[in-house]
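**Q** Marked as transmembrane segment by TrEMBL: 12-31, 38-54, 60-83, 136-156, 186-211, 223-247, 259-276.
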Amino acid sequence: MDFLVTTLLNALTLISILMLVGLGLAISFGLMNVTNLAHGEFVTVGAFAVYFVQSIGGSFWLGLLAAPLAGAVVGCVLEFAIIRHLYSRPVSTVLATWGVSLILQQGLELTFGLGAKPVTPPIEGTFDLFFTVYPAYRLILIAIAMLTLLGVVLLISRTSFGLDIRTVIQNREMAEGVGINTRRTYAIAFTFGAAIAGLAGGLVAPLAIVLPQMGVNYLANAFFVVIVGGVGSIGGLVAGSVFVGGLTSILNYQISPSLAQAIVLLAAIVAVRLRPNGLFNGASR
């Protein structure tokens, strides 16, 4: 029984991480139709922000506040300098963001070195839950991820900024006609997505190997999550996270991680083939 509960909680932890990373990507890729290959580096920047704060004597929580800020700064600069000039040129966007991804990786290597960086979790203890003992920090991660998702849903559905985003998505020309500054809306949305990815990096830092290239794997899985769940769908994002994260967690107990990743990719292809519009196409946006 304890093995089953532990497996389910590990799956929920991975689902929460992928949901946060995918949430940021869903804003740029799903809502703005921008294929950002540098999105994984927002995760990396967030993780390194926590490491840097801890290395100079700061607490993990202070680093966790710095993580989304670091992601937002990098995202804002990227949007202002490159992305906003390429919204109607998808191929150029892919090439440009791929180049930015490599530049950010090399920049982090030059700044922090090649070795893995340790990040200490804020809580070392465990918690008795459903017949098993589970690390308390992982439960905190799950809770923060769920609260973040709820906050984003409320932001998009209950605020004027969310209304602007939904209007721009439906018809950009009409949005401009009613006075919405679409360029500013895109810039804020892209920066917000980068901040969420930075938060994801900060949260995962104590559980992962913090390296300049760590964001690559999260980028691939985030694309799986968004595409399988349904582009532009919050419900699809959750479903895609459960699909990819749950399947990955189960397979990792049985086979090697590399083979598990290959099977998840194959399963994602089959899911897209059967449901090309996503598991939750047309769900809440």
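Keep in mind that glycine also has a Cβ here, set from the backbone N, Cα and C atoms.
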**Q** Which residues of the chain, 6 or more past the ends of the transmembrane segment (186-211), have a CB below 8 A from one of its CBs?
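**A** 13, 17, 20-21, 23-28, 31-32, 34, 39-40, 42-51, 60, 63-64, 66-72, 74-76, 78-80, 83-84, 87, 114, 116-121, 137-138, 141, 144-145, 148, 152, 161, 165, 168, 218.
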**Q** Going through 12-31, 60-83, 136-156, 223-247 one by one, which has the most CB pairs that fall under 8 Å from the transmembrane segment (38-54)?
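**A** The listed stretch sharing the most Cβ pairs with the transmembrane segment (38-54) is 60-83.
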